[in-house]
């Protein structure tokens, strides 16, 4: 199974036109959701792969990498970082979902609401086509 996971890690999702055409319709906000999309595509079109097994493998390898980074940490790297802005105002660009009031404020101000895709809807300026079916008769009209 390790070989399947390594082939999945080395698969070129950016170069696969089928994956890219399906991905453009999806707006993934979290990396875990994006990983699920990639695993579904790989499982469906390339070769079978176990989602839970891959997540377990990637989490253990991520823990090993984090441990190595922690061991290589120097004292200069561990100096505290002071945040420049601590004003208590919430930013529009945070990953938290917006409240209804914040969405209303953005719409009234004419700003874009983050996370929404802009639809390109244009009228076709054509006359409606006439109905091809006959009108259904009412029960009292049947004789």
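Backbone N, Cα and C atoms are what each Cβ position is placed from, and that goes for glycine too.
Those TrEMBL annotations? Automatic predictions, nothing curated.
These come from TrEMBL:
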type: DOMAIN; residues: 2-59; note: domain 'PEX14-like helix-turn-helix'
type: DOMAIN; residues: 96-141; note: domain 'Peroxisomal membrane protein PEX14-like KPWE'
type: REGION; residues: 115-143; note: region 'Disordered'
type: COMPBIAS; residues: 123-132; note: compositional bias 'Polar residues'
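With DSSP states grouped into helix (H, G, I), strand (E, B) and coil, the compositional bias 'Polar residues' (123-132) comes out at 0 helix, 0 strand, 10 coil. Counting residues of the domain 'PEX14-like helix-turn-helix' (2-59) by DSSP class, helix then strand then coil, yields 40 helix, 0 strand, 18 coil.
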